[in-house]
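Visitor: Here TrEMBL flags 44-86, 145-157, 185-207 as compositional bias 'Basic and acidic residues'. TrEMBL lists 124-144 with the feature compositional bias 'Low complexity'. Taken from TrEMBL, the feature domain 'G-patch' covers 94-166. What TrEMBL records for 28-92, 110-213 is region 'Disordered'.
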Amino acid sequence: MPDDVIAFPIKMSASDDDDYLADLDKFLVPPPASKSSSTTYSQRRKEAEKRSAAKNERNRMKGRRQRELESRTEGLSKSLFERAKEEEEAGLTANSKALSMMMKMGFKPGQALGQQIDVPPSPTSSSVAAGSSAPTPATGSSSGHKSEPLKIKEWAGKKGIGLGQKRPPSPLSAERMAKMAKMAEASDHSDFRDRARREYEERRAEGRLGPAQRTCVTLDDKMGKTFNVLWLDPRNPGSFPSGLLEALELNTTPPISGGEQQDGDDEGPLCCSETTRAAEARLRRKMAAESLQPLAALEDDVDPTASEPIQFSPEQLAEAAQFLRLQASDRLNIVLSYLRSSYSYCFWCGCQYENAEDLAGSCPGEDEDAHD
């Protein structure tokens, strides 16, 4: 230390030391916050959403429906007695007339409505009571009565009582409907197949009826017959003798050309097929055309060898009308049966046998299947 510097002793008191330490915090810089205590972005976002939702709830004006719902919920959750007690505590004098009337009738809150019935003591209770020295008084009970009022059930929507939501169709119903639709489709297919098969058989019978009738005409001519109902063919106008159509039109009901059906059955044994009705219509047109043709010259000489018109009996007309109403397959069976019984002729064999015994022994059968 240099000689010219004079050192003076410094005296520090205890009070100065305390003041120095007390003011030390003012000069210290606070340490920065650690990163571990900082919140994440998602946490800060959730807190901000909560604060925003709470602020919106405070600032939002409640609608009329919400206010009505809250008021109704509050009213239903509070009983009539609690409401009356609150009004009494608040100093309101407006009492409920219903509650005052019930009070006058002796009702007390917590009890059930109706007459109080004394229940007789049970045998066990009576025996216990007999063993005890002090008898117990009978108490009235309200068994069978409700101590709580019925709750109000609110119906959602404009529906009547008992009409809830529409029940969806059960799986069994859907399966049943699908099965019915499949059955209806199968029935339509079977009907179409049956109708096509019947039409095919009818056309096949019509094709075989012509040769059978020509054979019948040939055999009848050999026997000297002038007319047979089995010769008539609606498709062949030449098979009708002169005057037969006029007689059938006048004496049969319904007429054969009308195409009417018996008993409303399209497929009965006495109804006409489409081909038969078309042939009868052609016969009618031909008859009308012939009636309009000019008569032969009166001065012409009448041929003395000309055959006179056949006179038809009512039985023949009725039989002819009924035969023409039959289908082609039925007429074919009748003609073939007539050939076998009258002339021992088999249409499927194509030959005439000597007699019935020869026919029965040589012919394999009456139908076509037996000749295959």
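Placed from the backbone N, Cα and C atoms, the Cβ positions cover glycine too.
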Visitor: Quick check on the compositional bias 'Basic and acidic residues' (185-207): DSSP residue counts for helix, strand, coil, in that order please.
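Guide: The composition, in the requested order, is 23 helix, 0 strand, 0 coil.
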Visitor: Suppose you look only at the domain 'G-patch' (94-166); what would the mean pLDDT be?
Guide: 63
Visitor: Per DSSP, how many helix, strand and coil residues does the compositional bias 'Basic and acidic residues' (44-86) have?
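Guide: Within the compositional bias 'Basic and acidic residues' (44-86) the tally stands at 37 helix, 0 strand, 6 coil.
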